[in-house]
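Novice: Please read through the structure below; I'll follow up with questions.
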Amino acid sequence: ERDSCVEKSKCGKYGYYGQCDECCKKAGDRAGTCVYYKCKCNP
(Lines of atoms letter the chains of each structure in order from A and count residues from 1; the text may use other names and numbers.)
(Lines give C-alpha, C1' and ligand atoms only; values in the text may rest on other atoms or scores of the structure.)
Protein backbone atom coordinates (compact mmCIF):
# COMPACT_ATOMS: atom_id res chain seq x y z
CA GLU A 1 0.00 0.00 0.00
CA ARG A 2 2.74 2.39 1.00
CA ASP A 3 4.72 1.60 -2.16
CA SER A 4 1.72 2.47 -4.29
CA CYS A 5 1.74 5.95 -2.72
CA VAL A 6 5.18 6.57 -4.16
CA GLU A 7 3.98 5.57 -7.63
CA LYS A 8 0.54 7.19 -7.59
CA SER A 9 1.01 10.44 -5.72
CA LYS A 10 1.96 13.46 -7.74
CA CYS A 11 4.39 15.71 -5.94
CA GLY A 12 4.59 19.43 -6.45
CA LYS A 13 7.79 21.39 -6.59
CA TYR A 14 8.13 22.12 -2.89
CA GLY A 15 7.38 20.42 0.42
CA TYR A 16 4.17 18.69 1.34
CA TYR A 17 1.61 17.56 -1.15
CA GLY A 18 -1.93 16.62 -0.11
CA GLN A 19 -2.29 13.55 -2.29
CA CYS A 20 0.88 11.99 -0.93
CA ASP A 21 0.00 12.83 2.68
CA GLU A 22 -3.50 11.38 2.36
CA CYS A 23 -2.27 8.19 0.73
CA CYS A 24 0.34 7.61 3.43
CA LYS A 25 -2.21 8.19 6.18
CA LYS A 26 -4.51 5.60 4.60
CA ALA A 27 -1.54 3.22 4.52
CA GLY A 28 -1.30 3.67 8.29
CA ASP A 29 1.57 6.13 8.45
CA ARG A 30 1.68 9.47 10.24
CA ALA A 31 2.26 11.67 7.22
CA GLY A 32 3.65 11.94 3.73
CA THR A 33 6.22 14.35 2.35
CA CYS A 34 7.64 14.96 -1.08
CA VAL A 35 11.36 14.38 -1.50
CA TYR A 36 12.85 14.99 -4.93
CA TYR A 37 9.38 14.86 -6.52
CA LYS A 38 8.71 11.46 -4.94
CA CYS A 39 6.21 10.71 -2.22
CA LYS A 40 7.77 9.40 0.97
CA CYS A 41 5.76 8.10 3.91
CA ASN A 42 6.78 8.92 7.48
CA PRO A 43 5.86 6.12 9.90
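For all residues, glycine too, the Cβ spot is worked out from N, Cα and C.
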Novice: Quick test of reading the record: Swiss-Prot lists a disulfide for CYS41. Which of CYS24, CYS34, CYS39 is on the other end?
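Specialist: Answer per the record: CYS24.
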Novice: Of the candidates CYS20, CYS23, which does Swiss-Prot name as forming a disulfide with CYS39?
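Specialist: Cross-referencing Swiss-Prot, the cysteine bonded to CYS39 turns out to be CYS20.
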Novice: Of the residues CYS11, CYS23, which one does Swiss-Prot pair with CYS34 through a disulfide?
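Specialist: Among CYS11, CYS23, the cysteine that Swiss-Prot links to CYS34 by a disulfide bond is CYS11.
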Novice: Take the C-alpha atoms of CYS39 (disulfide bond) and CYS11 (disulfide bond) and report the distance between them in angstrom, rounded.
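Specialist: Roughly 6 Å, rounded to the nearest whole number.
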Novice: Which disulfide-bonded residues (CYS5, CYS23, CYS24) fall within 10 Å of CYS34 (disulfide bond) by Cα distance?
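Specialist: So far as Cα distances go, none of the disulfide-bonded residues lies within 10 Å of CYS34 (disulfide bond).
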